[in-house]
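Trainee: This is the structure I have questions about; it appears just below.
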Amino acid sequence: MDLDVVNMFVIAGGTLAIPILAFVASFLLWPSALIRIYYWYWRRTLGMQVRYVHHEDYQFCYSFRGRPGHKPSVLMLHGFSAHKDMWLSVVKFLPKNLHLVCVDMPGHEGTTRSSLDDLSIVGQVKRIHQFVECLKLNKKPFHLIGTSMGGNVAGVYAAYYPSDVCSLSLVCPAGLQYSTDNRFVQRLKELEDSAATQKIPLIPSTPEEMSEMLQLCSYVRFKVPQQILQGLVDVRIPHNSFYRKLFLEIVSEKSRYSLHENMDKIKVPTQIIWGKQDQVLDVSGADILAKSITNSQVEVLENCGHSVVMERPRKTAKLVVDFLASVHNPDNNKKLN
């Protein structure tokens with residue numbers, strides 16, 4: 001074979017091998033970096049732009065797509081120990097003509113974390129209101145979506161600032177009082193009684209604990225590679241002391257039943273979405289809300305756990321779009337493609 005041809009194949013093979021080897025090395029040595037790159041790439045692909053806004057010396061980090069228009073803007077509040085990017089799987093299936101805003105909740109990701117901050121549910125509600133005011137998002141009433149802890153905050157926000165919100169989607173929200181405790185809550189109470197707050201199931205510190213948390217929060221049993229589990233843990237470990245402080249605050253007497261105590265004040269059209277197999281917050285919470293919120297509708301998803309947004313993103317997006325169409329434009333029966 002001609003020497004030039006051999007050289008060409010060697011160069012081509014080397015060119016292909018370098019990025020492949022770099023990827024493999026990154027996967028094995030720095031899985032957390034790959035996870036960050038993954039979110040960056042997904043945001044870019046979906047057209048979500050990251051911005052910062054300040055209220056005095058407090059910084060909020062958020063991502064957005066689109067501009068305010070004749071349709072209500074949509075503000076999305078994530079759950080405990082998550083971040084704004086958890087909504088990307090749903091954003092993928094939402095129409096491009098909606099103005100979407102996903103904010104990092106107080107102390108999370110790019111939003112200020114202060115030891116002086118009030119992390120109670122009401123404290124978080126007031127912070128989110130500051131964010132809304134900074135963006136002037138309430139120049140026209142907007143649609144508010146929250147899941148888990150974010151659902152608790154969203155519901156209380158709608159009760160505290162009714163003129164800001166035109167409609168509401170609560171996805172397996174926390175903050176309700178049940179007649180009986182499920183197994184997860186019983187376990188939390190046992191930990192509380194034994195003062196073993198270092199072993200909160202939602203705050204993993206090893207790949208094994210991360211795997212257990214994923215199984216707790218999901219009905220679908222994902223087969224997650226060990227390196228990805230390690231990467232997920234590596235991303236969280238620097239923040240675990242904050243997560244522990246936040247968790248103890250939101251399950252304290254001050255915040256534990258915040259949504260329950262305010263649900264009768266919610267007057268806007270409300271959509272309640274819940275996974276039937278939720279092991280963290282029992283699906284019976286949907287009926288509790290529906291009985292108290294007059295203008296509400298319930299959507300229970302079969303074969304779905306607590307992580308509704310991650311397990312059923314397409315269905316969640318469809319339910320939200322159809323709900324918005326029915327509430328704000330009854331003549332429009334637009335369906336998702």
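Easy rule for this one: first residue shown is 1, then count along the chain.
Even glycines carry a Cβ here, placed using N, Cα and C.
Pulled the feature table from Swiss-Prot, pasting it below:
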- 1-8: topological domain 'Extracellular' (TOPO_DOM)
- 9-29: transmembrane segment (TRANSMEM)
- 30-337: topological domain 'Cytoplasmic' (TOPO_DOM)
- S148: active site, nucleophile (ACT_SITE)
- D278: active site, charge relay system (ACT_SITE)
- H306: active site, charge relay system (ACT_SITE)
Trainee: Would you mind giving the whole-number mean pLDDT across the topological domain 'Cytoplasmic' (30-337)?
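Mentor: A mean pLDDT of 93 is what the predicted model shows over the topological domain 'Cytoplasmic' (30-337).
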Trainee: In whole Å, how far does the CA atom of H306 (active site, charge relay system) lie from that of S148 (active site, nucleophile)?
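Mentor: Pair distance, Cα basis, whole Å: 8 Å.
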Trainee: Just going by other Cβ atoms within 10 Å, which of the active-site residues S148, D278 has the emptiest spot?
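Mentor: Output over active-site residues S148, D278: least Cβ neighbours within 10 Å is D278.
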Trainee: Let me check the 10 A CB neighbour count of H306 (active site, charge relay system). How many other CB atoms are there?
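Mentor: Its Cβ shell of radius 10 Å holds 27 other Cβ atoms.
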